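Report on the following structure.
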Amino acid sequence: MSCQNATQEFNRRSQPGPKGRERTSEGAPAEEDVGTAFLENQLSVGDFVQIQRAFQPAEPRQTICMSREEFMQRMTEVVGWSTKEAYGELFDKVDVAQDGFINWDKLTSFMLLALYEKDEQAKATVAPQWKDLEFLPVKHKDTIQKVIFLRSSSRYLTISKEGLLGIWGENLKLQETLPITSDATKLKHLWVTSMVSLENVNKIAVAFTSKEICFYDLLSKEEFPCQYKLQGLKGAPVCMDYWYDPLDANESILSFGDITGKVQIISFTTALISLFERPASACEDEEATVTINWAELLSGRHKCCRTLAHKLHLGDWVRQVTYNASLDAIISSTTSSTNTVVMAWREKSKKHLRMTSFNIAQGINAFDYHSRLNLIATAGINNKVCLWNPYVVSKPVGVLWGHSASVIAVQFFAARKQLFSFSKDKVLRLWDIQHQLSIQRIACSFPKSQDFRCLFHFDEAHGRLFISFNNQLALLAMKSEASKRVKSHKKAVTGVLYNSVLKQVISSDVGSTVSFWMIDTGQKIKQFTGCHGNAEISTMALDANETRLLTGSTDGTIKVWDLNGYCHHTLNVGQEGAVDISHILVLKKAILVTGWDRAITVFRPQNFNQFFIQPEEWKGGIQHRDDILCAAFLPPQTLVTGSYDGEIVLWNSSTENAHYVLHPDYQWLPKIKTDTEPQKLLGAGRSHSTHPMADQTTLGACSFERDAECNHAVMTLCFLEARENIAATGGANLVSCGGSGYVRFWDTVKKQLLAEFLAHSGVGSIIMSTDKTNRYLATGDLDGWLKIWNIEEYCLNSSKSKLTRAPALIRSFRPHEDWISSLEMCELGGRWLVLSASADCSICVTDVCGVPVGVFGQAKHWQLENCFSLPKRDTNLMENKIQEKSIKEIPLLSKEELCLDPSEHSLLDKENKDSTYNVRPSEVINLGMKYKERNIYKKKSHNLYNGEVTQKSFSAFRSLSIGTLEELPPVHKPAFLLDPETYFREEPEEDRPQIPEVPSLCETLKAVFDEKNLFPKEILDRERRAKQLCQETSSEVKIKRNKKPL
């Protein structure tokens, strides 16, 4: 257990004596937990300080030891509470070896061990919290056979029986589907049975019912080819496993079992160089498939690998096989009751395998091994989950009862020492291994079916549990343990925008909810729910006047809203079904939409005369060879679009024609729309078109990048509009970011890459945003980290060589616990703020120096003038690793006035006069807060630094230079101190100037005061008539009162 946990446990009790221990009138303790009744659980920090002083010797090198009687007497006097018997019991627990004495080291060791066991027990008994079961939008038409995660590229792979490979991003967005069996005549007879990842060599191995195993290369830039095809197997392989040595990646083992009951192993010795030897007759083309016969491996012709096998499962299908390094053994299983689980290992002096087997009644469906607990868990057909010691085959060490149907999958939750089990009645259970108890039960809502195949895969690193039901794939994701974190939305936030007219922040989430927040206070003012039904809102945009909101959804539609929640139009992007809309770009005469398809979808607002709007033709046609992820526009007519393969296409928005294509590795000129395919130059990207092949060994064209050199996906594009004279200086005017954490600066005039630097390493793709003055650049990654860069002086001029030095890093911090989905920068009160939305359901507001403002949704509203009223030097800036030499003063920007031309109206406001929407100023909105009492900041209050930090330091005072004080020079007294009479003597009264007296009022008054000269004649006449009417009315009343009744 860490020292932090121990400290937290000690600090729970600040007062001496037992805390929370209530006593009855008789003095007996009230009912309480057994653990808390122990004396060691009731001692406070102050008590331990007193105990430590009692053990403190007079001399530094001495050690004080106490016997049982001494300890009881001394502790009763020092601590001052509890009984001698309680301290005697504590002494007996500490003195395990029964030496008859203890010292301070023994006592502290016992306490740390006790707290560690308590912490481990708390972890084991606490069940994880799960999000709602979510079905992923798969395109598999047959049973899903395998789900794997590629750590090198942060992607998931799914493969189904018909040979369709699904590629998923780390955010579980389906990026692409590729068929690995192209021959339609063989689809009914050729099935995929299993797939494994060979991560040390960046390959995958796929097993087929044709008794073949094909090895596909993941790093090929032009194709996704089959490098090796292993054929001639005696039986069709139905399960596979791969392991490699993390200390020596050349050593690896591929194990597989077939339908004849045979378990076979291929041990590679030079995996990084080559898995198999190429025959001399093979062509020089490295992309050509090398066919290898199994008989060649058995004969030992390939020196870089060797084979082993056993037939103990003879006659039964091998359901699962795995190699475990801690046991140095191959474990395999079948559904038979004899030789159900077999462990095979090889002794150094022998060529053949030695084996031992477990006989389990009725057989098992699956198993898993926990190396730290040294336990094998089996999923029994007889509804039982058994725990086995691998060295004891006679009987299990534990049996977990609770399932009412056959258990089909088990997997350990290694970090928590827990076990998942899934039964045929679609019930998921989580077990505490130590106590052998079920601590959680989840009934999964799958459709009813008598015949189904289920796949179970738990990604412990990401807390994701995948369960497949035939061709459906469900996700059960763990909730973050930080449940006290403020949440802005109930579900993951997908987008954030800033409305500068109303000074409001607009956010959306996967639950199709749109919320509006005040940037000044953080208060939510309105919320629209069910904007697209149950479909996720993937992106948003505002029109030019910021009076219309456009929301794009995974249902293939874009809706146009006013800010009161009324939907004016629905744009049908996916006419044939749901598509993933990645970006909406509102231009002066068109609305451009990008996403799943490689084409640009265009809507022209001048034709918005109906509620449902159909897309129009984009004249430029399809120029991208992969999904378009983002777009940007630079007035008057420069349009750029970025795709998943790293290509940036430059368009003329007026003619709608593409004129150039940029890529970090190549550039090329696109053909006009009449050409069927664009001109190929240095490289080729992935293609979504049909891939004709000769056989199943070659996959479609795919660029499956692993690192920064080949993963160039463009996630965000930003034009640096504030930079002037770029055409003359040759500086960068376009910024792109995305795959592998790189940020790139481009010159679209000269069509070249000027600079690139690694902003976030080892976290996959990133997103970014820049302010309107293009001084600051904010980047966010998948781990929730946010970095602020100063790009004001970065890449202003062209250079012959590509710049790889990073700009000045202002601040790096982590405002979120999950991946950052959207970034926006806004200016308010003379300060630039960063709005970051995340999948952890929160939206954070910080300034460009990392000073936190707040999280939308928090209970206490903020006031921006209070957040920055007393700026302080940020000492964390001195610890940035990138700026090793110095961190210069970075003054904040002054407030930039946004001037909107009142004559320029948005094209989306083309409505009838009766439905015209008038923007209400934010001061009119009644929020119940002191919103109208805002104070305007003075510019001088925003200076964050008064000087420069010239030396990197690791503590607050280490950089101070302290020396002897220099002697002061002699001080000369000023003249007014030497001769005070000359400067301070009193002047005689006759020399003083006489002050003239002020004349009295009666002497200066020229006319008599008359109110007729002060008021107009109309007011005086009206007052006179009113007095007359009042007098007449009062006289009539008096007359009536004086009349006597008859």
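The backbone N, Cα and C atoms fix where each Cβ goes, glycine too.
In TrEMBL, annotation is done automatically, which means it is predicted and not curated.
What TrEMBL says about this protein:
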type	residues	note
REGION	1-31	region 'Disordered'
DOMAIN	82-117	domain 'EF-hand'
REPEAT	400-441	repeat 'WD'
REPEAT	486-527	repeat 'WD'
REPEAT	537-564	repeat 'WD'
REPEAT	621-661	repeat 'WD'
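Summarising model confidence by region, the repeat 'WD' (621-661) averages a pLDDT of 91.
Same-chain residues lying 6 or more positions outside the repeat 'WD' (400-441) and placing a CB less than 8 Å from one of its CB atoms are 120-121, 123-125, 127-128, 365-370, 372-373, 375, 377-387, 454-458, 460, 465, 467, 469, 476. In the repeat 'WD' (537-564), the DSSP tally of helix, strand and coil residues is 0 helix, 18 strand, 10 coil.
Taking DSSP states H, G and I as helix and E and B as strand, the repeat 'WD' (621-661) has 0 helix, 23 strand, 18 coil. Note: the domain 'EF-hand' (82-117) comprises 25 helix, 2 strand, 9 coil (DSSP; helix = H, G, I, strand = E, B).
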